[in-house]
């Protein structure tokens with residue numbers, strides 16, 4: 001098999017998963033570089049980069065790169081492709097060629113996003129791309145149009161991937177295996193895929209109408225022609241809120257596996273509760289979108305509903321957190337690097353969840369909307385939730401993917417540096433938000449200097465952690481410590497073929513004997 005046949009025309013779920021992981025790692029470094037530019041600008045009062053337009057282009061690109069080209073490709077494309085077929089005993093994904101197309105739509109999409117910043121003044125709209133700022137008056141030229149096309153491609157990629165994962169998870173498992181006997185990671189990817197399938201078409205509709213408003217003189221979002229910019233916000237957030245659950249749900253699945261494994265348990269605590277909690281989160285995620293819009297002047301009854309509905313999501317989330325803690329209870333805990341990431345995840349995700357409950361209150365949110373408190377909140381659940389879950393999964397399954405082991409001491413040190421960095425970066429932002437510092441500005445009054453400086457120092461510590469991780473991965477490949485026989489394979493099906501598994505697995509159907 002030639003290099004080109006293997007890597008460009010691949011129909012193998014393991015190879016495509018590897019492509020997704022490499023692409024996501026690369027995009028993650030681009031997104032990190034952008035975030036360091038943001039923190040460099042905000043490290044001291046005064047201007048570093050120039051005007052707010054270039055600053056907002058960087059902020060917008062940082063969000064898009066991290067969401068669409070780092071977290072989703074790694075969690076869904078990388079871990080999803082590698083593990084879902086192995087965990088259900090399928091020979092591959094249901095639609096292997098469509099799987100390849102889903103991946104190869106992402107590099108062109110990334111290219112279009114980068115192109116958007118090189119023409120005119122760039123797309124400095126924020127990741128929400130709200131009109132009228134995103135309209136053709138405030139953003140003349142092709143920048144926003146290129147960003148919209150980038151989102152179109154990334155969206156098509158995700159929709160096709162979602163169809164593939166739904167079909168695979170439901171139809172490719174052995175007949176004897178009920179859906180309620182599949183591992184939690186498979187469930188998490190299945191639910192994520194359903195969310196993608198239902199939410200992305202709404203985003204596509206919204207940005208397509210924005211595209212025609214900009215180029216074909218329609219007025220969907222222009223009051224002068226009977227349109228309404230608030231309609232765009234509803235369409236965007238009907239996608240945008242499920243999207244944040246799309247980013248965290250596969251992480252929930254990863255953490256369930258890692259915690260169970262390193263607590264020495266043969267199953268997670270409360271399997272059914274975990275499944276129904278994820279199903280509930282997936283459903284509720286669709287009926288809370290307007291909590292992002294408490295400041296647009298909605299009716300008081302509407303605000304009351306969205307406040308209460310948002311708070312209800314804390315219940316299934318709490319079920320998951322306490323089930324992880326119950327899984328740990330009474331276990332023989334192995335303090336390996338993946339376990340450290342998982343414990344860090346549980347702690348920091350819970351803090352992020354608590355600030356989310358604060359922001360759910362529509363009255364409080366009037367004061368905190370577009371302030372740094374919101375930035376702190378969602379970076380606790382993303383930068384320390386999604387990213388910690390990715391690193392837990394990566395350190396846990398690295399031997400499965402490569403056949404080599406990471407250096408345990410280096411990996412623990414990396415956790416320590418990263419934990420320090422992200423907390424020093426984002427904890428002070430709660431204080432800035434409560435003190436009234438607004439988001440998306442490149443400068444600030446000098447009263448805010450202390451916490452901003454600390455936050456920027458934290459970002460440099462996190463950068464050090466990223467460099468450490470690159471070294472740790474290099475060291476693992478250079479030292480070639482092989483895994484001879486993985487343990488606990490009876491309850492962790494993905495490991496039964498050895499490390500790494502052969503190119504083709506389950507070529508003949510798996511024999512499944514269901515325990516009564």
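Quick reminder: no glycine exception, Cβ is built from N, Cα and C everywhere.
Topological domains recorded in Swiss-Prot put residue 88 on the same membrane side as residue 508.
Listed ranges 448-479, 480-511; the one Swiss-Prot annotates as transmembrane segment is 448-479.
Matching 234, 241, 329 to the Cu cation binding residues that Swiss-Prot gives (291, 292) identifies 241. Counting every protein chain shown, 21 other Cβ atoms lie within 10 Å of the Cβ of residue 245 (O2 binding site). Taken together, the residues of the topological domain 'Mitochondrial matrix' (329-336) have an average pLDDT of 98.
For the pair residue 370 (Mg(2+) binding site) and residue 245 (O2 binding site), the Cα-Cα distance reads 20 Å. Within 10 Å of the C-beta of residue 369 (Mg(2+) binding site) there are 20 other C-beta atoms, taking all protein chains into account.
Here residue 369 (Mg(2+) binding site) is positioned 20 angstrom away from residue 245 (O2 binding site), judged by their C-alpha atoms. Residue 369 (Mg(2+) binding site) is 11 Å away from residue 377 (heme a3 binding site) when you measure Cα to Cα.
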